[in-house]
Amino acid sequence: MSTTTAGILFALSLALALAAVHVPLGDYMYRVYASEKHWRAERVAYRIIGADPAAEQGWGSYARSVLAFSAVSILFLFGLQLLQGRLPLHLNDPATEMTPALAWNTAVSFVTNTNWQAYSGESTQGHLVQMAGLSVQNFVSAAVGMAVAMAFVRGLARRDTGELGNFWVDLIRGSLRILLPLSIIGAIILVSGGVIQNFALHDTVVSTLSGAQQTIPGGPVASQEAIKELGTNGGGFFNANSAHPFENPTTWTNWVEIFLLSCIAFSLPRTFGRMVGSRKQGAAILAVMAVIATLSLSLMMLFQSQTHGTVPTAVGSATEGVEQRFGVADSAVFADLTTLTSTGAVDSFHDSYTSLGGLMTLFNMQLGEVAPGGVGSGLYSMLVLAVITVFVAGLMVGRTPEYLGKKITPREIKLAATYFLVTPLIVLIGTAVAMALPGQRDGMLNTGPHGLSEVLYAFTSAGNNNGSAFAGLSVNTEWYNTALGLAMVFGRFLPIILVLALAGSFARQGRTPESVGTLPTHRPQFVGMVTGVTLILVALTFLPVLALGPLAEGLH
C-alpha cells in the first residue's frame, strides 16, 4: 500500500468517526445548554463567584462578563508565571528567562485560546504553571468560545427579547459537563497509547547509545494533551509539540489527537440545529464546513506529495520536518485540520512544508477557521458568513434578506461586515509594520518570499487565535511578544463583542413568516453559496500578500 493510499484511508477513518459522534455529541451539548437543572458542583461555583444562575443577560452584560473573566484570567496567569520560581514544582534552571513581555504574551495566548508559544515548554514552565495555569486556561478559554456560540444561537432562536442567557452558567456547564468528562476519557486513551503522565521534573538521567548522560524531562503530559486538542488550544507541553514522542508516540495516538481536535467543532452544527428548531439548518452549516475541509485536505495532501529538489524527488515526497513514524500523508491531515480549526498543535513543522503546502496552512487560518473552526468560534464565524451570504442573495433578487425568520437590516449587516474586516486588518497591518521596521526584520532567519511568509504566518496565527508557527522567525523579543499579544487580544475579543451585539440585535426582533421570496437556507444551493462567498471574500482579501509570499516562492 502506498503512503498516499494509507493517508487517504487514515483521513476516511477520521471522517467516519466524526460522522458517528456528530449526532450523539451534538444532541448531548444541546441538552447541556438547554437544561434548567444545575449540578451541585455548579451551584457551589455560582456561590463562589457570586453569580445568579437564574438571571438572564443582554448582549452588553454578556460581553462585559466575557471581558471581565478574561482580564482576570490574564492577570492571574501573568503573575503565576513571574512568581513560579518561588512556587512548588518549578524548574531549577529554566532555559528561557520569563520576562514580563514573555509572561504577557503567554498569558494572553492561553486565555484567548491561541496558545502561541515563544518559549520551549519543557525547559521554561514548571509543572505548577503547566497544571494550574496553562491547563486550566485550556478548559475555560474553550468554554468561553462555546458560551459565545450558544449566546449567538439563542439570539437567532429567540424573539422579542434582549436576553441571550447567562455567561457564567454557560461557562461552567461547558467546562464541567462537556470538556472535563471528554478530556478525562481522552487522557486515559492517550496514556494507554504511550503518552507520559508523571511528576518528574528534569531529574531522570539516562545513558545514551554512545555512553553519554542525558536528562529526560517528564510531567503530567497526557492530562494536558487531551484538553489541548479537545479545546482546540494547541499549546504543547514540549517544544516539539505533538511531534514529540512523549506527547504523541504512535500513529494511533496521532489519529486520536486529530479526532479530539475536530469532534466538538464538527458536532456543534447539530447543537445549533436543535436549538433553532430545525435540524436541516444545522446539517446545512455542517455541509459547508465539510465541503471546505474536504477541498482543503485534498489540496494539502496533493501539495505535500509533490517533489521539488534532489532529496524529495529521491524519496518520493516532501519529508523535511516530518516525523517518520507518521509519514507525509498523516502529517498533512494533522496540519490541515489543526489550521482549519483554531488548534495550532503540530506533529510536523509547517515551516518545512512545500511552498504550496505552507500556503494551505495560511489559507486555512485566513478563512477565519470556519471549517470547522475552533470550539464555539468556528460555529459563530460560520453563522456570520451565512448572514453575509443571505444579504448578498437578497441584493441579487431585490428583497429584504432574512435568516431563520430574522430580517437583516443595515444594523445587522454593518455588524457582520465589521466582524469580517477585523481579523484581516489585524493580520495585514501587523505584517506591514513588522516588515517596515528594520529591527524586526533582523528576527527573520530567511529572506525573500519565505521570510515574508514567516512574518505573515505569525500575525495570521495570532490574529486568528491559532497558535501554530513558521518556526524560522525569532519571536521571543519585546516587540514581537507585545505586538503578537495585542493581535491575539484584538483578534479574540473584538469579534466576540461584535457577534454578541449581532445576537442581541437578532434577539430583539420578532419572527418574520416565510414567503415565496424567502431564500431557503437548508438546501444544497445555500451550501454552495456560503462556500463560494467564504472562499471569494478570503481570496480577495489575502491574495495580494499571498502572491508576494508562498505563491512567489512556489513559482521560484
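Even glycines carry a Cβ here, placed using N, Cα and C.
Features of the protein shown, as given by Swiss-Prot:
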| type | residues | note |
| --- | --- | --- |
| TRANSMEM | 6-26 | transmembrane segment |
| TRANSMEM | 65-85 | transmembrane segment |
| TRANSMEM | 133-153 | transmembrane segment |
| TRANSMEM | 176-196 | transmembrane segment |
| TRANSMEM | 249-269 | transmembrane segment |
| TRANSMEM | 283-303 | transmembrane segment |
| TRANSMEM | 378-398 | transmembrane segment |
| TRANSMEM | 419-439 | transmembrane segment |
| TRANSMEM | 483-503 | transmembrane segment |
| TRANSMEM | 526-546 | transmembrane segment |
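The transmembrane segment (419-439) is not in contact with the transmembrane segment (65-85), judged by fewer than 3 CB-CB distances under 8 Å for residue pairs 6 or more apart in sequence.
Only sequence-distant pairs (6 or more apart) were considered; of these, fewer than three Cβ pairs between the transmembrane segment (6-26) and the transmembrane segment (378-398) are under 8 A, so the stretches are not in contact. The stretches the transmembrane segment (526-546) and the transmembrane segment (378-398) are in mutual contact, each linked to the other by at least three Cβ pairs under 8 Å (pairs 6 or more apart in sequence). The stretch from 133-153, 249-269, 283-303, 378-398, 483-503 that makes the most Cβ contacts under 8 Å with the transmembrane segment (176-196) is 249-269.
Packing against the transmembrane segment (378-398) from elsewhere in the chain are residues 148-149, 152-153, 156, 265, 268-269, 272, 285, 288-289, 341-342, 368-372, 408, 412-413, 416-417, 419-420, 495, 499, 502, 517, 519, 521, 526, 529-530, 533-534, 537: each is 6 or more residues past its ends and has a CB under 8 Å from a CB in it.
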